[in-house]
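Everything on this sheet refers to the single structure shown next.
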Amino acid sequence: MHYYGTSSTNEAGHLTIGGVDTIELAKKYGTPLYVYDVALIRERARGFKETFEELGVTSQVAYASKAFSSIAMIQIIEEEGLSLDVVSGGELYTAIQAGFNPEKIHFHGNNKSREEIEMALDYGIGCFVVDNFYELDLLTGICRERGAKTSILLRVTPGIEAHTHDYILTGQEDSKFGFDLQNGQAEKALKTALNNQELEVLGLHCHIGSQIFETTGFKKAAQKMIQKLSLWNKEYKFTSRVLNLGGGFGIRYTKEDTPIPPSAYVKDIISEVKALMSEESLAMPEIWIEPGRSLVGDAGTTLYSVGSSKDVPDIRKYLAVDGGMSDNIRPALYDARYEAVIANRPEAEAEETVSIAGKCCESGDMLIWDLPIAKAEAGDILAVFCTGAYGYAMANNYNRITRPAVVFVEDGSAKIVVKRETFEDLIRHDLPLYAHR
Ligand SMILES: *Cc1c(COP(=O)(O)O)cnc(C)c1O
């Protein structure tokens with residue numbers, strides 16, 4: 001099996017993470033349980049940040065908090081000196097409650113509301129990543145009402161779609177996000193923003209995809225953006241102080257995935273940007289990136305208890321666990337793949353192939369198809385790896401299943417950082433039509 005981060009086995013033959021026995025964790029906190037390897041989060045964060053420092057490039061590495069937002073998580077990001085992306089009032093609120101420095105918060109999203117914009121201005125966030133003309137108007141108007149100024153990046157779509165192993169060049173991108181770079185929208189947005197004294201245009205932003213394993217797409221996007229920056233420098237005397245190349249750095253979910261380390265992404269992208277800027281005789285901007293998945297994805301493991309099973313002779317064996325699409329909707333939503341082991345004997349040889357089913361009333365509620373695994377029975381603990389990104393963040397109460405607890409482990413100790421929901425939590429906002437009869 002592949003051990004992530006600090007994962008290992010102990011004398012009892014149990015899977016450990018952060019020096020803590022996962023079977024003990026399951027006993028103490030119940031299942032399903034999200035377990036995060038904090039040392040691995042720190043290692044990933046430093047991998048990005050320190051590479052910029054070594055290269056002498058001014059940067060901001062902003063954690064895309066949509067991947068997993070909680071107070072404790074954001075405190076780790078602050079400790080590691082990263083910046084933070086938020087995409088909603090709720091994520092912003094969480095960041096502020098965690099004590100995160102608002103100046104290092106960037107606000108994303110394609111439909112920010114007036115309330116969200118006002119809240120962000122009240123807190124004094126670092127910048128808005130402006131997505132569209134409606135937002136440009138709304139933000140300018142609100143700043144004008146308050147006699148305030150704010151910094152912005154313009155989100156552009158450079159006509160590059162990056163996927164795991166390749167990228168596609170498209171003339172115009174069919175995306176709900178951003179100003180199109182090719183058809184003049186981005187230029188129009190820039191002119192509008194430069195004419196509004198409420199807005200300080202720091203530079204351009206793009207985000208070309210997710211779970212990307214190579215740097216060609218990032219470099220192509222940088223090239224498209226820098227070509228425009230060169231034109232706009234001549235036309236409008238505009239200097240982009242910031243070039244934000246987004247997130248999307250890939251991670252290993254299964255043995256088919258072959259990501260490169262954070263330092264390799266950064267080095268390769270930076271050398272291209274440096275070359276392009278010097279070709280255009282432009283000063284090197286600050287480089288911002290926005291990793292989400294690659295900071296927390298492989299640091300997360302979900303522990304489940306195995307329950308019922310069902311044999312469909314000559315077809316497959318289903319093994320059901322006590323969670324499913326309520327705590328991890330990615331397999332149902334994106335056909336996402338995972339690997340898993342029996343946490344009470346991770347080193348046992350795989351003896352059969354089973355499909356791991358969730359407990360929701362939905363045939364599509366499957367976590368893993370056709371997983372080779374040791375013989376498992378009711379009461380065993382199943383550890384599904386690499387669930388740290390977009391797992392808990394997308395958890396829901398379908399079937400009125402309570403959301404799991406989240407535990408951080410580091411240096412042999414465990415700390416609960418999100419409590420398991422209770423049935424009382426589930427009806428907290430329900431109001432009765434009648435008094436109990
Ligand atoms: C989702 C998103 C990210 C993070 O993507 P990952 O694939 O998790 O790294 C970064 N920037 C923007 C604008 C995003 O929408």
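In case you wondered, yes, glycine gets a Cβ from its N, Cα and C as well.
The following features are taken from TrEMBL:
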- 34-388: domain 'Orn/DAP/Arg decarboxylase 2 C-terminal' (DOMAIN)
- 40-296: domain 'Orn/DAP/Arg decarboxylase 2 N-terminal' (DOMAIN)
- Lys66: N6-(pyridoxal phosphate)lysine (MOD_RES)
- Gly248, Glu290, Pro291, Gly292, Arg293, Tyr390: pyridoxal 5'-phosphate binding site (BINDING)
- Arg293, Arg330, Tyr334, Glu362, Tyr390: substrate binding site (BINDING)
- Cys361: active site, proton donor (ACT_SITE)
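Looking only at the domain 'Orn/DAP/Arg decarboxylase 2 C-terminal' (34-388), the predicted model's pLDDT averages out at 96. When the binding-site residues Glu290, Glu362 are compared by the number of other CB atoms within 10 angstroms of each CB, Glu362 has the fewest.
Between the binding-site residues Arg293, Arg330, Arg293 has the most other Cβ atoms inside 10 Å of its own Cβ, all protein chains included. When every Cα pair among Arg293, Arg330, Tyr334, Glu362, Tyr390 is compared, the largest distance found for this substrate site is 27 Å. As a whole number, the greatest separation of Cα atoms within the pyridoxal 5'-phosphate-binding residue list Gly248, Glu290, Pro291, Gly292, Arg293, Tyr390 is 15 Å. For the binding-site residues Gly248, Glu290, Gly292, Arg293, Glu362, Tyr390, a Cα to Cα distance of within 10 angstroms from the residue listed as 'N6-(pyridoxal phosphate)lysine' holds for Gly292, Arg293, Tyr390. Here the C-alpha separation of the residue listed as 'active site, proton donor' and Arg330 (substrate binding site) works out to 16 Å. Highlighted here are the recorded positions (Gly248, Arg330, Tyr334, Cys361, Glu362, Tyr390) whose C-beta falls below 6 Å from ligand 1: Gly248, in sequence order. Just so you know, the Cβ of Tyr390 (pyridoxal 5'-phosphate binding site) picks up 23 other Cβ atoms within 10 Å once every protein chain is counted. A gap of 13 Å separates the Cα atoms of Arg330 (substrate binding site) and Arg293 (pyridoxal 5'-phosphate binding site). Across the fold, the C-alpha of Gly248 (pyridoxal 5'-phosphate binding site) and the C-alpha of Tyr334 (substrate binding site) stand 15 Å from each other. Nearest neighbour of Glu362 (substrate binding site) by Cα distance, taken over the binding-site residues Glu290, Pro291, Tyr390: Tyr390. Cα spacing between Pro291 (pyridoxal 5'-phosphate binding site) and Tyr334 (substrate binding site): 19 Å, rounded to the nearest whole number.
Scoring each of the binding-site residues (Gly248, Pro291, Gly292) by how many neighbouring Cβ atoms lie within 10 Å, the top position goes to Pro291. Geometry remark: Arg293 (pyridoxal 5'-phosphate binding site) versus Tyr334 (substrate binding site), CA distance 15 Å.
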